[in-house]
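Record features (Swiss-Prot):
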- 17-24, 86-90, 140-143: GTP binding site (BINDING)
- 8-288: domain 'tr-type G' (DOMAIN)
Amino acid sequence: MAREYKIEDYRNFGIMAHIDAGKTTTTERILYYTGKSHKIGEVHDGAATMDWMEQEQERGITITSAATTTFWKGRDGKMRRFNIIDTPGHVDFTIEVERSLRVLDGAIALLDANAGVEPQTETVWRQAEKYNVPRMIFCNKMDKTGADFYRSVEMIKTRLGATAVVMQLPIGAESDFKGVIDLVEMNALIWRDESLGAQWDVVEIPEDLKAKAEEYREKLIETVVEIDEAAMEAYLEGNMPDNDKIRELVRRGTIDVKFHPMFCGTAFKNKGVQPLLDAVVDYLPSPLDIPAIKGIDFKTEADIERHADDAEPLSMLAFKIMNDPFVGSLTFARIYSGKLEKGSSVLNTVKDKRERVGRMLQMHSNSREDIEEAFAGDIVALAGLKETTTGDTLCDPLKPVILERMEFPEPVIQIAIEPKSKGDQEKMGLALNRLAAEDPSFRVKTDQESGQTIIAGMGELHLDIIVDRMRREFKVEANVGAPQVAYRETITRQTEEDYTHKKQTGGTGQFARVKIIFEPNPEGEDFKFESKIVGGSVPKEYIPGVQKGIESVLSSGPLAGFPMLGVKATLIDGAFHDVDSSVLAFEIASRACFREAAKKAGAQLLEPMMKVEVVTPEDYVGDVIGDLNSRRGQIQGQETRGIAVVISANVPLANMFKYVDNLRSMSQGRAQYTMTFDHYAPVPSNVATEIQAKYSGQK
């Protein structure tokens, strides 16, 4: 089967934003206008096509990224293939955003025209910066009370430090929003309300907006000619670029992430969506426009690149595992190079296991079509993979490569969970393991002392939804404990410890002596190990045992048994015995050595500090600040945003449970907040004593 669409006609993009900026509605409109959805789904009646898990339809938020393939005819009359990923905007699900950005070529960042740049907008923007994803901006909800396009443009500069290139100006705002001015063509598009947004009239720019349109077109040209010397020279000599040249320069600057073209409209009222789709074709990259994917040779560890080309060896990245009620486990993968055929065998280079592709599916939200072959640039769902997890590389077994892996955040909250009936114990274990395979930011472990099952995640909502999915998808009812904070421990001063491990029973004994300096790691929260052994006092082959021994006890600190962060260990001396020494003996010695040293190294308890932003009407500012202070919060600042005030604070996670209920009653339901993990900080001594007493009793 030959490729149906040329790779330069592909656009792989996602839609990213703050919760409630209208992502799912915008995606719905895109699917409607590109002919994939016959009935427009509204989020508030629970019918949106992309939100296909039951919980999403109930809560009106998008939880998992659903991948959809659809098609659009550009301004040149040529059909393009769109692979769209809908991403969640709730902070508990930033992992979903992160993994979809990793496999996309471009993105549309959505803003709520009333709120502008919100806290979660900043979070997803930073994630997109990390992967250098070209972005366009769509200022949505222009029909909303308080909508202010120009303030949103300013906030992109002040809050994101980014350059927005304004491509359209709104005609009217709030309930008077009628259409947009196209600053390239210099005409106005007015939508016909009765046509569900399918039709619009191209008219002259309204008289009262002509001067503003001229001013913004001038700004647009000034910004885009800066990226091209010849265009800049021509412009300085008084020669304006023509419309095609402007589009070409906007495309180049967008793909090079120099600036971000900005559009406006209202997806809910069906205005502005089609020009946005034309802009996806005009300005977002095809797989050929982005740098080749980097990886390392599976055998030699040499750096290699794979290009978006069907003729190159197959390489793809598994970016999501999903449980499908009809097909079972589905692995979503982005093909970077080569071709994939149904039934073929691929190598998982991370696990060093071969996998057979049973079925290959093209997904449209939650409907699917079987395909026989897929090509470079495609995003496909694969059935039948047994060993593959998120972030694994799948490739041609004869040309193995390991692509750059994704980074996943550590969970900050945990709860104990048990099945309501004894018979469900096994089913619960199976369900939790399945859900953990789907979501790398969700962990399951068994508490060694109590035997309880502990689940950990990114927030209360995250764990609520896990428990809910267990009930719905796996029919397991569970009791959950109160949320527990994922505390950590560290050391605060340097100490030197000399420890000898000797064991003599009949036959071969055990002997190992180690002298180690332990100190806080100046480079961050990871564990760092160094050996400064000279002269062979500890033979080379035993040194990994020393490191392994220390690492094995870092999972349980001396104060209350929490994992330890930010420790550096330097092996400076030791001794061995020709017969009685072994890797195991050195492992045991270093383990005991660290346990002794940790008592003297000023162990300290750390707690997760959350970055909290509260958006509240002015009347409640005093109450909100007072309440945050009472939660040991540190107020970082406040700013006015329209008629609301935004309060930023760092607050310990331990004091933020059920905050949403307090905030609601304090503000009569008018204030909102977002919370993301910021850093670990020392716990004040009076609080630390309580925590130690509580947890030491459990250990």
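Note: Cβ is positioned from N, Cα and C throughout, glycine not excepted.
Remember, predicted model here, so these are calculated numbers, not experimental data.
Here the features listed in Swiss-Prot are placed on the structure.
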| residue | record | CB count, 10 Å |
| --- | --- | --- |
| Ala17 | GTP binding site | 28 |
| Asp20 | GTP binding site | 18 |
| Thr87 | GTP binding site | 26 |
| Met142 | GTP binding site | 30 |
Request  = Summarise the model's confidence over the domain 'tr-type G' (8-288) as a mean pLDDT value.
outcome  = 83
